[in-house]
Amino acid sequence: MVRVTAPSVFFALLLPSLAAWGNVIPRAPEDFDYVIVGAGAAGSVLANRLTEGNRFSVLLLEAGPDNEGVLEGTLPYIYPRMFGGPYNWNYSTAPTPGLGNRNGPYFRGHVLGGSTSINGMTYTRGPSADWDRLASHLGDSSWSWARIQSYFRKNEAFEAPPGPPNNRFTPSVHGTSGAIGVSLNLNNEWIVPPTLQAASEIGLPYNNDVNSGNPIGISWQQFAIKNGARSSAATGYLRQNVAGRTNLNVRVNARALRLVPNSGPGPLTFRTVEYRDETNGNIIQVSARRDVIVSAGVIDTPTLLMRSGLGDPAELRAANITPRFTIPALGNNFIEHPGVPISWSVNTTLTDDELDKDPALFAQELERWNTNKTGRLAQTSLTHIMYNRLPRNHSIFRTVSDPSGGANAPHYEQIVANKWVTLGARPAGNFIGMTQFVMAPTSTGSVKLNSADILGPPIINANSFNTEWDKAVIRHAIRSSIAYMRSPAWAPFNIQPTFDPTVADTDARLDAFVAASGFGGAHGVGTARIGRANSRPGSDVVGPDFRVKGIRGVRIVDASVLPFSPAAHAMVPVYVLAEKAADTIKGAP
Ligand SMILES: Cc1cc2nc3c(=O)[nH]c(=O)nc-3n(C[C@H](O)[C@H](O)[C@H](O)COP(=O)(O)OP(=O)(O)OC[C@H]3O[C@@H](n4cnc5c(N)ncnc54)[C@H](O)[C@@H]3O)c2cc1C
Ligand SMILES: *[C@@H]1O[C@H](CO)[C@@H](O)[C@H](O)[C@H]1NC(C)=O
Ligand SMILES: *[C@@H]1O[C@H](CO)[C@@H](O)[C@H](O)[C@H]1NC(C)=O
Ligand SMILES: *[C@@H]1O[C@H](CO)[C@@H](O)[C@H](O)[C@H]1NC(C)=O
Ligand SMILES: *[C@@H]1O[C@H](CO)[C@@H](O)[C@H](O)[C@H]1NC(C)=O
């Protein structure tokens with residue numbers, strides 16, 4: 001097992017202040033082959049793969065604390081508790097017109113494992129069409145669905161439930177010996193028959209496996225849960241399979257503040273990372289003999305580069321940062337999956353609202369989990385996942401061409417929950433929820449530094465529901481959900497909407513409902529997008545080798561490089577991107 005340490009506090013000398021934020025204490029001559037910034041989905045994969053075979057030494061810096069022993073990050077059911085406390089960056093989105101100018105929270109993991117230590121654990125590879133689109137974007141067929149399969153398998157250790165598959169999954173599409181445990185939710189038995197029956201009543205086909213490359217239809221949902229506990233980038237890549245690796249050094253509570261340019265003549269090169277030990281405020285510099293790899297995620301990767309003098313020169317000057325290289329694309333092309341959660345009341349007490357309301361029931365389930373890692377806390381409140389496309393004759397196609405990746409790429413997602421999901425306090429009673437997301441959004445936003453406080457929360461603008469397409473998709477999804485809940489399968493539970501269903505009668509009223517009840521998403525990509533080797537530096541941030549175009553010494557591997565949003569929850573796409581990037585980097589001279 002790799003030792004996870006807080007930064008050491010032994011320093012030889014104190015140098016004069018080099019940075020605005022404090023005294024810089026170099027740990028000279030401390031250097032590594034690679035310094036990786038951020039131990040989330042991507043950074044953890046890279047730290048693991050680059051230290052295989054003892055060829056390279058790696059320092060992995062993580063701003064947040066260790067995940068070890070954090071119960072709310074282990075028990076799947078209580079994962080929303082990770083949104084409070086020190087495990088979240090506490091960001092919010094800027095007031096958004098498509099959301100009634102509200103500014104909601106923008107959750108990001110601030111803990112070993114990054115957002116995979118706080119997320120909803122939904123495990124989705126996305127449609128084959130989206131991987132094929134990435135291959136054609138890069139002009140490189142090694143990114144195609146067919147050729148990326150080995151990386152899915154490296155990531156996945158599917159745990160089949162006992163007994164035959166019973167059409168709940170297709171064994172042949174799964175990996176069984178990869179890093180992340182994956183399983184189905186077999187709790188909430190009562191909700192399974194109506195969930196499946198209602199889908200069939202609205203004409204949504206049954207899909208044997210959401211991760212086969214064609215996610216369209218209703219499928220059993222798959223989760224990054226192993227033996228009743230969260231399987232995260234930290235548990236899967238930093239604690240397993242790394243025993244005895246002295247070439248892997250992991251430091252938590254170590255926040256990178258900027259990359260420091262090499263002095264002297266020659267091309268602009270960054271191989272030094274300046275980080276702050278959050279336990280004592282000391283500022284420390286470390287160097288990479290080969291590369292600095294930035295894996296700080298879709299928000300913090302662009303802002304780290306901006307603090308290093310990269311980006312839009314006018315914006316940098318406004319923040320009192322010396323511009324060193326112009327990258328107009330940095331922080332732009334921010335793409336999210338906006339969503340709308342809605343709830344219906346039901347007359348069964350089998351919903352998880354009981355678990356949230358009744359401390360005795362919760363205590364009983366906690367005891368059960370402690371005894372044998374089973375029961376309702378070993379899973380979430382979701383069992384199935386639905387993906388669909390707008391009908392071909394939808395009027396939006398008269399003015400907008402289909403922006404999705406292709407025929408098996410969904411336009412929207414719907415997920416039934418065994419409890420209240422609407423934003424805001426839960427009323428008395430029992431509920432089932434439905435959350436719908438736009439999966440092929442065309443709204444784009446941006447991430448910018450707050451010029452008044454460049455180490456403070458950045459300005460995050462997801463621009464949700466900003467296009468006619470996104471509005472048309474969410475309207476269709478909500479109307480489809482209303483039809484789904486009105487189908488005879490739910491009638492035995494005396495199902496009733498907790499909102500006025502006549503909002504769906506006109507587009508204008510439905511848009512107002514979306515603006516009042518939607519949120520910006522948690523699957524952001526695109527703020528440091530990847531492009532072909534010959535694309536103009538600045539229009540794309542990195543090339544196919546993940547190197548930042550136009551400078552030396554820095555690669556980016558994380559959600560920010562994905563140029564479009566896969567029609568999937570983003571974790572598996574990022575894991576697979578990082579698995580492939582690790583091979584690219586190891587193969588490099
Ligand atoms: C609340 C929530 C729910 C989600 N639900 C799902 C889901 O159910 N299924 C799914 O597939 N996806 C889900 N996602 C999305 C998924 O978790 C992310 O897309 C994925 O983790 C992105 O990986 P990443 O490596 O780009 O960034 P992250 O996993 O966010 O990791 C970035 C890491 O870098 C660290 N860092 C940032 N700045 C610095 C710095 N300056 N110095 C040092 N370290 C730094 C951060 O603390 C963090 O640990 C969810 C995300 C959230 C936030
Ligand atoms: C987020 O806010 C909580 C208080 O709600 C605080 O304990 C935590 O330290 C904050 N996280 C960060 C990264 O600042
Ligand atoms: C797990 O433990 C609980 C007691 O806390 C018990 O009721 C349950 O049957 C056990 N389940 C299994 C699968 O062992
Ligand atoms: C689209 O076609 C379906 C039949 O396939 C029909 O019921 C529906 O009314 C059509 N919608 C529009 C907008 O033409
Ligand atoms: C729930 O409502 C249905 C339909 O109204 C009714 O038939 C059933 O008896 C009710 N169940 C309970 C537990 O009240």
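Keep in mind that glycine also has a Cβ here, set from the backbone N, Cα and C atoms.
It should be emphasised that the depicted structure is a prediction, and the values quoted were computed from it without experimental measurement.
In the three-state DSSP assignment, the secondary structure recorded for His523 (active site, proton donor) is coil. Listed in sequence order, Glu336, His337, Ala559, Ser565, His569, Ala570 are the same-chain residues at least 6 apart in sequence whose CB falls under 8 Å from the CB of His523 (active site, proton donor). The active site, proton donor annotation in TrEMBL covers His523.
The active site, proton acceptor annotation in TrEMBL covers His569. In this structure, His569 (active site, proton acceptor) belongs to neither helix nor strand by DSSP; it is coil.
The FAD binding site annotation in TrEMBL covers Val111. Long-range Cβ neighbours of Val111 (FAD binding site) (same chain, at least 6 residues apart, Cβ-Cβ under 8 Å): Glu62, Gly64, Pro65, Asp66, Asn67, Val70, Gly73, Met82, Pro86, Tyr87, Ser117, Ile118, Ala234.
The feature domain 'Glucose-methanol-choline oxidoreductase N-terminal' is assigned by TrEMBL to 32-338.
Feature annotation from TrEMBL assigns domain 'Glucose-methanol-choline oxidoreductase C-terminal' to 441-578.
What TrEMBL lists as signal peptide is 1-22.
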DSSP three-state assignment for Val111 (FAD binding site): coil
Overall pLDDT of the domain 'Glucose-methanol-choline oxidoreductase C-terminal' (441-578), taken as the mean: 97
